[in-house]
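K.L.:
Below you'll find the structure I mean.
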Amino acid sequence: MGGCVGKGRRHIEEDKLDFKGGNVHVITSKEDWDRKIEEANKDGKIVVANFSASWCGPCRVIAPIYAEMSKTYPQLMFLTIDVDDLMDFSSSWDIRATPTFFFIKNEKQVDKLVGANKPELEKKVQALADGS
């Protein structure tokens, strides 16, 4: 499964991606991001950041899988950022397609995955969890 490219159309609030049942922190501001990154550093956690969009089909497919991973790997911190809600912030990460996953340790990117590739996401998350 691939990713969505380009700036999408906005949907109403109820169209937000569903991460229920997981331990995914929804980032709604740069301040939220800074707080969570600081918390992860303090706790020695690796961050998995999912840049996604509510209108993106592959993002909708991977959302419940991402939520499940957040429960399976509590030693990691799972964040999600809606690229339409935080356009400037997302642009600073050079997001070209959604979903894009960044893996961050000690405030530095250690890996990246573009697209809703479940096996590859699971492999990367597992490797980071094993090494944390």
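From the backbone N, Cα and C atoms, a Cβ is placed for every residue, glycine too.
Since the structure is predicted, the reported quantities are computational estimates derived from the model, not experimental observations.
So Swiss-Prot has the following annotated:
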ACT_SITE  Cys56  active site, nucleophile
ACT_SITE  Cys59  active site, nucleophile
DISULFID  Cys56-Cys59  disulfide bond
DOMAIN    18-130  domain 'Thioredoxin'
SITE      Gly57  site 'Contributes to redox potential value'
SITE      Pro58  site 'Contributes to redox potential value'
K.L.:
So what sits near Gly57 (site 'Contributes to redox potential value') in its own chain, CB-to-CB under 8 Å and at least six residues off in sequence?
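P.N.:
Non-local contacts for Gly57 (site 'Contributes to redox potential value'): Cys4.
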K.L.:
Summarise the domain 'Thioredoxin' (18-130) by DSSP state, stating how many residues are helix, strand and coil.
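P.N.:
Its residues divide into 49 helix, 33 strand, 31 coil.
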K.L.:
Across all the protein chains here, work out how many other Cβ atoms are within 10 Å of the Cβ of Pro58 (site 'Contributes to redox potential value').
P.N.:
19
